[in-house]
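As annotated by TrEMBL, signal peptide applies to 1-23. Under the heading domain 'Glycoside hydrolase 35 catalytic', TrEMBL lists 36-351. Feature annotation from TrEMBL assigns active site, proton donor to Glu182. Taken from TrEMBL, the feature active site, nucleophile covers Glu260. The domain 'Beta-galactosidase 1-like first all-beta' annotation in TrEMBL covers 396-506. As annotated by TrEMBL, domain 'Beta-galactosidase galactose-binding' applies to 538-596.
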Amino acid sequence: MKTFGVILLSCFALTLLIDVTNGSNSFTIDYENDRFLMDGLPFRYIGGEIHYFRVPQEYWFDRLFKMKSAGINVLQTYIEWSGHEPREGVYKFDGNYNVTRWIEEAQKAGLYVLLRVGPYICSERDMGGLPWWLMKYDLQLRRNNDIYMKYVKQWFSVLLPMIKPYLYQNGGPIIMVQLENEYGYYSACDNSYMSSLRDIVRSHLGDEIILYTTDNPGLLACGLVDDVFATIDFGTNTQPDDQFKTLRAHRASGPLVNSEFWIGNIDTWGTQHLTKPVDEVTKWLDVLLSYDKNMSLSMYMFHGGTSFGFGSGANNGGYLPRPTTYDVDALLDEAGDPTEKYRAVKNVISKYAPVSKDDIEPSPKLSIGPIDAKLEMDFTQLFSQQFWKKVDSDSPQPFEYLGSRNGLILYSTTIDFKSTSPSMLTINALRDRAYVYIDKVFQGVVSRQEKSLAIPIRAEKGSRLDLIVENQGRTYFGDEISQHKGIFGSVTLGSKTLTKWSHYFIDDWEDFTSLLKFDANVPKQHSGHNSKNALHPAILKAEFVVPFTKTYDTYFNPTNLSKGFAYLNGKCLGRYWPTNGPQITLYTPGVWLKPSPQVNQLILVELEDPPCLISNGTCQLTFDDHPTLNGETPVNW
Ligand SMILES: *[C@@H]1O[C@H](CO)[C@@H](O)[C@H](O)[C@H]1NC(C)=O
Ligand SMILES: *[C@@H]1O[C@H](CO)[C@@H](O)[C@H](O)[C@H]1NC(C)=O
Ligand SMILES: *[C@@H]1O[C@H](CO)[C@@H](O)[C@H](O)[C@H]1NC(C)=O
Ligand SMILES: *[C@@H]1O[C@H](CO)[C@@H](O)[C@H](O)[C@H]1NC(C)=O
């Protein structure tokens with residue numbers, strides 16, 4: 001279960017009475033009695049994980065309150081470097097990345113905090129939470145090399161001083177800080193890297209705070225660091241005794257902690273929807289909590305939320321891109337509503353810790369439509385916009401060298417020789433999916449996920465070759481994290497390498513709709529599209545008014561589309577891909593909608609050829625009052 005990370009911290013009733021703003025607070029490990037001590041008293045945690053970057057900030061307190069109500073006493077949370085430093089030296093700590101506000105809200109909700117500062121976090125995020133721009137230096141990540149460590153030091157010198165006032169001994173809720181994540185899995189096994197991280201974090205946060213690591217118990221050899229407390233992670237259907245015995249072989253004493261008790265499951269685009277049964281979760285939670293009364297755990301995930309925009313990454317083992325949803329069959333669903341699993345888990349926790357008597361109701365949901373989304377720009381119109389940056393070079397360049405974070409790049413060249421017809425077009429080191437056009441006529445798709453990297457094409461001398469390459473999310477696990485996106489090898493036609501490329505790109509597709517200018521005078525290509533020229537990638541636009549003067553959460557349903565990116569009022573809801581599944585609907589927070597009578601704007605970047613686009617350029621779409629995450633997926637996956 002390398003793809004999960006959870007912490008479950010629970011404390012007994014006693015801890016609820018402690019004033020966490022008292023300056024004489026202490027949180028320590030009693031190695032003689034294998035337990036934590038908070039202000040000198042035994043402490044255990046039943047924790048849960050939520051990531052601030054996956055929940056709209058307006059809903060933070062709501063989710064934390066529901067966590068506390070279930071009897072959970074500790075929030076475990078990752079810090080995502082890539083979101084806080086989206087470009088080298090440019091920092092973001094406002095809005096959804098206001099991490100100190102997140103910590104304050106947790107404290108307000110009565111939760112202690114376990115902070116997993118990385119720098120690598122995994123978490124099914126793009127590049128495991130490491131910034132994409134590091135790859136312009138062709139680094140080996142997560143190793144003690146000078147360039148990587150220079151950037152880690154810089155980042156920690158920005159982050160950690162902000163965190164310090166929130167440590168428990170300083171009156172805040174943070175009781176422990178995690179280094180890296182599941183480093184034991186990583187082939188580098190660079191112990192000097194982990195001990196350097198320890199020293200850097202200590203130099204900022206002091207000697208008092210407990211630092212910890214989290215690893216698969218079978219892989220502790222490369223995960224452990226001297227003077228850093230070791231925890232392990234494991235899910236259901238596994239005896240705690242077996243797991244903790246392995247830990248004890250390495251660390252003779254100290255409290256037992258399962259930092260990620262996996263209570264859900266994670267989907268992949270194109271693979272059947274996965275869940276984890278409620279009774280399996282409650283059975284093994286009870287086994288764990290009764291195993292040792294001083295043992296602590298954190299559930300992964302208490303509430304998964306959504307990887308909005310381009311935040312979602314891909315697993316290794318082939319190339320397995322994760323969907324936009326991070327519902328992951330957690331205790332709260334994607335919209336923050338309690339599930340049957342929430343109530344069942346709360347029931348188990350009530351045997352060990354105080355829980356709230358109150359029941360929590362689901363929030364109201366909107367249903368809107370159908371609404372018409374109309375073709376605004378086809379391929380040609382889109383790429384004749386003024387905002388594209390253009391770079392020419394002999395060989396194709398990856399996203400990172402061009403300074404482009406995510407989304408699409410158009411690679412374009414002219415075939416200046418006579419080739420056989422058809423001739424095999426091969427893209428070496430394609431990351432991740434390319435739409436191939438000859439003289440603007442669509443030829444087909446080559447795809448890393450589907451392991452098809454070549455396509456036969458018929459081109460004349462002088463034909464223009466266009467490749468729209470989609471970055472489907474950077475790999476977050478294994479050696480492939482140190483990879484470039486786009487085309488990182490040669491492109492050949494027959495035996496000949498193609499040269500003289502032009503690249504058309506933008507800095508960041510999160511901001512795409514702010515660049516768009518619609519010109520009412522430009523004729524639309526739709527009705528009875530009979531030219532052979534490609535429509536896609538196409539921009540569709542819909543404007544609509546919600547039925548109320550208040551807004552509520554809803555779920556965008558792109559069933560009539562194929563694959564692309566959806567933007568609502570300038571915010572990227574994420575990638576949609578209903579033709580592949582299993583995720584169909586995109587969670588749409590009510591706080592991102594405008595109430596009646598204001599007009600909402602939905603913009604779609606459609607990469608393929610849904611029938612509605614071809615027939616008349618108008619696609620009917622809805623917003624539903626319920627999610628659909630278990631759509632049909634292709635066979636043979
Ligand atoms: C973070 O939130 C706090 C509290 O709401 C606010 O005072 C602060 O200005 C915010 N930080 C940024 C960078 O927006
Ligand atoms: C747990 O802690 C309690 C009191 O702090 C102690 O009496 C007990 O022996 C410890 N160990 C186990 C396995 O419960
Ligand atoms: C487009 O076609 C659909 C179904 O084929 C039809 O319902 C719709 O009215 C048409 N729209 C336009 C603008 O012609
Ligand atoms: C898809 O389009 C059809 C007709 O064009 C429409 O009846 C249907 O409501 C649309 N589906 C969704 C989910 O919007």
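Glycine is treated like the rest: Cβ placed from N, Cα and C.
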Cα-Cα distance linking Glu182 (active site, proton donor) and Glu260 (active site, nucleophile), given in Å to the nearest integer: 11
CB contacts for the residue listed as 'active site, nucleophile' [other CB atoms within 10 A, all chains]: 28
Model confidence over the domain 'Beta-galactosidase 1-like first all-beta' (396-506), averaged pLDDT: 97
Tally of DSSP helical, extended and coil residues in the domain 'Beta-galactosidase galactose-binding' (538-596): 3 helix, 26 strand, 30 coil
Glu182 (active site, proton donor) - helix vs strand vs coil (DSSP): coil
Cβ neighbours of Glu182 (active site, proton donor) where a neighbour is any other Cβ within 10 Å: 27
